[in-house]
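Copied over from Swiss-Prot, here are the features:
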BINDING   2  Ni(2+) binding site
BINDING   73, 76, 105, 108  Zn(2+) binding site
């Protein structure tokens with residue numbers, strides 16, 4: 001379960017940035033997690049809850065934004081956005097998204113699509129309370 005490693009790394013990064021002052025608490029952590037990042041949101045939430053115990057992030061809320069998958073045609077340059085929810089709802093039984101992605105560019109028909117967005121795993125911001 002690599003979500004635990006992600007949660008621990010997130011807490012380490014925030015603790016390093018904010019220090020370990022007893023009067024500092026993280027209330028909300030804003031993340032951007034692409035549907036192709038390999039991170040399963042419910043597993044990350046559970047792992048984070050466990051990893052945060054006894055840290056400045058204990059009790060913090062994870063506010064997660066899911067950006068679209070962006071495909072670019074190498075022939076015509078057309079970019080196509082696919083919502084992460086659509087892809088996640090259409091995965092096959094093995095959790096694969098590849099079989100659902102369009103095989104060709106909707107604009108020119110070329111089978112030359114490259115994924116240029118949707119793999120994000122970013123710490124965007126943290127809302128902190130002092131005192």
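Yeah, the Cβs are placed from backbone N, Cα and C, and that goes for glycine too.
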Additional residues surrounding Zn(2+), by Cβ distance to the 73, 76, 105, 108 centre under 8 Å: 74, 75, 77, 78, 104, 106, 107, 109, 110, 112
Those residues of the chain, 6+ apart, with a Cβ under 8 Å from that of residue 108 (Zn(2+) binding site): 73, 75, 76, 78
Of 73, 76, 105 (the binding-site residues), the residue whose Cβ has the fewest other Cβ atoms within 10 Å: 76
Chain-internal residues near residue 2 (Ni(2+) binding site), provided their CB is under 8 angstroms and they sit 6+ positions away: 38, 39
DSSP three-state assignment for residue 73 (Zn(2+) binding site): strand
